[in-house]
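Q: According to TrEMBL, the protein has these features:
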DOMAIN    1-113  domain 'PROP1-like PPR'
REPEAT    45-79  repeat 'PPR'
REPEAT    80-114  repeat 'PPR'
REPEAT    115-149  repeat 'PPR'
REPEAT    150-184  repeat 'PPR'
REPEAT    185-219  repeat 'PPR'
REPEAT    220-254  repeat 'PPR'
Amino acid sequence: MDSHGKPPSEKQLEILVRLHADAGRGLRVFHIYQKMRRKFGVKPRIFLYNRILDALIRTGHLDLALSVYDDLRADGLKEEAITFIILAKGLCRAGRIDQLLEILDRMRQELCRPDVFAYTAMVKVLALEGNLDGCLRVWEEMKKDRIEADVMAYNTLVSGLCKAGKVEKARELFQEMKRKGFLIDQAVYGSLVDGYVTEGKVGDGCQLLKEMVVDGYRADLGIYNSLIEGFCGIGRVDKAYKLFRMAVQEGLFPGFQSVTPLLASYADSNEMDKYFQLVDQLGKLGLPVMDHLSSFFTFFVEKGGREFKVLEVFEALKGKGFCSVEIYNILIACLHKIKERKRALSLFEEMKNSRDFSPDSCTYCHIIPCLVEEGDVGKACFCFNSMKEMLWTPSVAAYCSLVEGLCRTGEINAALTLVKDCLGNVTNGPMEFKYTLTVLNACRSKNPEKVVEILDEMMEEGYPLEDIVYCAIIHGFCKYASSGEARKVFAVMRDRKILSEANFIVYEELLNEHLKKITAGLVVSGLKFFGLESKLKLTSNED
C-alpha cells in the first residue's frame with residue numbers, strides 16, 4: 001500500500017490487530033502496532049489501545065503492554081475504566097501487587113473508583129494464581145473504597161484461603177457472609193470442610209456439616225468423602241462409617257473416595273468381618289464391587305509397607321469369590337516394585353492355570369521385567385511373542401526391560417529388532433531407542449568421531465548411554481566397517497572416564513562374541529550356497 005502512495009490507516013491497523021488478537025498472536029500485534037506508529041505515524045484511539053493491551057496481556061506479554069500504555073499516556077489520551085481493568089488483571093496474573101495498587105490509585109484520581117465487578121475479577125485472578133497475600137491486599141483496598149463485596153468475591157476468596165491452609169481466616173469471611181444474609185454456595189461449605197480435614201481438624205469439619213444441615217442445605221458427596229477420609233485418617237472409623245450410612249440414606253451413591261478409606265482402615269486393623277460386611281453392602285446397593293475392590297488395592301499398596309498385608313487380604317477375598325484380572329495385575333506390579341519377583345511369578349502361573357483369570361496384556365507387561373530381572377530372558381521372549389500373537393502392544397517399560405536383557409546375553413540383533421519394533425508401535429518411544437537408530441546410521445560413515453559426537457549430544461541432553469547404544473555401535477561398525485572402529489569409540493569413552501574399565505572389558509567380550517556369530521553365519525551361508533549343509537549335519541550327528 002505504501003509503495004502505491006496510500007499509507008495504511010487506523011482502520012486497517014484495527015483489522016490487523018483484531019485478526020492477530022483473535023488468533024492469540026500477541027507479539028505479531030505488537031510488531032504491527034510499532035510499525036504503524038513509527039513508520040506511518042498512525043496513532044490509535046483509546047478503544048484500539050484497549051484492544052492491543054488486552055491482546056498482549058492475554059498472551060503473557062505484560063511488559064510490552066506497559067510500554068504500549070506509556071505510549072497511550074504520551075499521546076495525551078484519557079484512559080477508560082476498561083483500560084485500567086485490563087492492566088490490573090495483567091498485573092494480578094504476574095503477581096505485581098505494588099504496581100497494581102499504583103494503577104488503582106491512578107484510576108481513582110483520574111477517573112473513578114473500581115467497582116465491585118473490577119475487584120471481583122482481580123480477586124479471582126489472584127486466587128487462581130495462588131497469590132493469597134495479594135488477594136487480601138486487594139480485599140483491603142476494596143474496603144477502603146467502601147465497596148461491598150458480592151457473593152462471587154466472597155466465594156472465590158474463601159475457596160482460595162482454604163486451599164492455602166488459612167482456614168480460620170476463611171471461616172471469618174464465611175461468618176461475615178452469613179451476617180450479611182448472602183445465599184452461600186454449597187462449594188463454600190465444601191472448601192471449608194476440606195480445609196479443616198487437611199489441617200486435621202475433622203471435628204470442626206463435622207460441626208460445619210451440622211451447621212449446614214441446620215441452615216437448610218444438603219451436603220453433597222464431596223463433603224461426605226472429605227469427612228470419611230478425615231475420620232479414617234485419625235482412626236475414628238466408626239464415625240466414618242456413620243457418615244457413609246448417612247450419605248446412603250440421603251440417596252447419594254458412594255464412590256471410590258467414600259468406600260476405599262473405609263476398606264483400607266478395616267484391613268489395617270484386621271477387622272475383616274466389617275470389611276466383608278461393607279463389601280456385601282456395596283453389592284446390595286448395586287455398586288460395582290470389583291471396581292471398588294480394585295480401587296482399594298491400588299490405594300492400599302500406594303503408601304508402601306503394606307505389601308504382605310495386601311496379599312493376606314487378597315487370599316481372604318479370593319476365598320469368598322472376589323477376584324479379578326485387574327487385582328492380579330495390581331499385586332504383580334506391587335510385588336515387582338519391592339523385588340518380590342518370585343511371588344509375582346507365582347501369581348502369574350496361578351493366572352495361567354485359571355479358567356476365569358487368564359493373563360491380559362497388562363499382566364504380560366508387568367511380568368516381562370520380572371522374568372528379565374530373574375535372568376530368564378528366554379521365557380521373557382516367549383511372553384513377548386505371546387503378546388504379539390494376540391496382537392497386543394507391549395508397554396515401553398516391557399520393551400526397555402527385554403532389550404536390556406537381550407543386550408546382556410549378547411543377543412544384539414534381537415535387541416535391535418525390538419528397538420525398531422518399539423518405535424514402530426509405540427506413540428512416544430524412548431529417546432534412548434531413537435538415538436540408537438541414529439548411532440546405527442552414523443556407523444555407515446565408518447567414522448568413529450561422528451559416533452562419539454552423537455554420544456556427546458546424548459549426554460548433553462541428559463540421556464544415559466544404555467547397553468543398547470553400545471550394542472548398536474558393535475553391530476553398526478561390524479556391519480558397515482570393522483570391529484576396530486567400535487574399539488576406538490570404546491577407548492574414547494574409557495579415556496574420558498565415561499566407561500569404566502570393567503564395562504570396557506564387558507563390551508570387548510560382547511564385540512568378540514558378535515564377531516563369532518557373524519563368522520558362523522557366513523560359514524553356514526557358504527555351505528548352503530555350495531550345497532554342503534547336509535554334510536555338516538551328518539558330521540554333527542556322528543559327533
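Cβ coordinates are placed from backbone N, Cα and C, and glycine is handled just like the others.
Automated prediction, rather than curation, is the source of TrEMBL annotations.
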Q: Per DSSP, how many helix, strand and coil residues does the repeat 'PPR' (185-219) have?
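A: Across the repeat 'PPR' (185-219), the residues distribute as 26 helix, 0 strand, 9 coil.
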Q: So if I exclude everything within five residues of the ends of the repeat 'PPR' (220-254), which remaining residues of that chain have a CB under 8 angstroms from its CBs? That is, six or more out.
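A: Sequence-remote neighbours of the repeat 'PPR' (220-254) are 186, 189-190, 193-194, 196-197, 200, 202, 205-206, 209, 212, 261-262, 264-266, 269, 271, 278, 285, 287.
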Q: Counting each residue once, how many in the domain 'PROP1-like PPR' (1-113) are helix, strand and coil under DSSP?
A: 85 helix, 0 strand, 28 coil
Q: Helix, strand, coil residue numbers for the repeat 'PPR' (150-184) per DSSP?
A: 26 helix, 0 strand, 9 coil
